[in-house]
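As recorded in Swiss-Prot, the features of this protein are as follows:
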type	residues	note
BINDING	T15, G16, G17, N127, R163, S191, I244, A263, L264, T265, V266, S267, E268, Q288	UDP-N-acetyl-alpha-D-glucosamine binding site
Amino acid sequence: MSGQPKRLMVMAGGTGGHVFPGLAVAHHLMAQGWQVRWLGTADRMEADLVPKHGIDIDFIRISGLRGKGVKALLAAPLRIFNAWRQARAIMKRFKPDVVLGMGGYVSGPGGLAAWSLGIPVVLHEQNGIAGLTNQWLAKIATTVMQAFPGAFPNAEVVGNPVRTDVLALPLPQVRLAGRDGPIRVLVVGGSQGARVLNQTMPQVAARLGDTVTIWHQSGKGAQLTVEQAYAGAGQPQHKVTEFIDDMAAAYAWADVVVCRSGALTVSEIAAAGLPAIFVPFQHKDRQQYWNALPLENAGAAKIFEQPQFTVEAVADTLAGWSREALLTMAERARAVSIPDATERVASEVSRVART
């Protein structure tokens, strides 16, 4: 029996911030001979994405409760119980040596099912503020890890696993050496875009004129509107795309990034070694603010809460950063990153499976 490969079940779903780090760890362990299956939901992004990575996926029925009506809240205990039963049946079939919770609603019943079967639970919190699911799963987990300090009081800080092509980028002092001309500004709103970026950055471009060149990722369905906004501001030369398929190439091109501060975005920007202007999504727990704060504290970024993200403030900030200042910020960003996060998480999963 000792010669059989170890088995891991990854529990992650809903958003790329949960799924992509889970995939990085899964591939790392699969390369070491592990058998990996995924626990997710059939109506979220993992349903299509995970099988494309050569990983079998099992589904349970669960969704979030935030913003739902009274009837949904009253039905929640039964829904969670049913999801727990589904997850428990899946794990009894697969018999994982360890489960890895990377976040999303699926981790709740999945983690509870594993615990009830005596399967060790390893948690990884991607954000600077722990989500509700991980807050209570931490009470039964064998190990809890965190990407940023402060999500849990005593958890090891291991960073966020990021894509290998981002980690493979040359260091800032190599990549940016000898670069001149207009400052290259990469604007990233995510797959859904960010209205505040789409509305503000064309006017910022008008103020800065030919001192900047912009690559603006607008999000689904917004490309034409944003192109028209740049043209209306007298700046039609800037590049607008709905999506960016190769983020590593975009990071390599950029001198500075303007973006939201989701956990994975912040970790990728640090790993790439890039200065940033972060505009945290407004949420009551200020999760994205806390994600970005370590980079601002390191002198690698500037945070603008959304009400302060004005044309004047952003234009003045960008105009005030020389190429020398941007290189210093880029080096500070890289210094904050934890480029071996994938290996750290995988190593802890392996350790727990052996004990």
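Quick reminder: no glycine exception, Cβ is built from N, Cα and C everywhere.
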Secondary-structure category, per DSSP, in which V266 (UDP-N-acetyl-alpha-D-glucosamine binding site) falls: helix
Cβ-Cβ neighbours of R163 (UDP-N-acetyl-alpha-D-glucosamine binding site) (radius 10 Å): 17
Residues near I244 (UDP-N-acetyl-alpha-D-glucosamine binding site) in space but at least six apart in sequence (CB under 8 A): V188, Q217, A250
Proximal but sequence-remote residues of the same chain as G17 (UDP-N-acetyl-alpha-D-glucosamine binding site) (Cβ under 8 Å, at least 6 apart): G103, Q126, N127, G262, A263, L264
Fewest-neighbour residue among binding-site residues, criterion Cβ within 10 Å, set T15, L264, V266, E268: T15
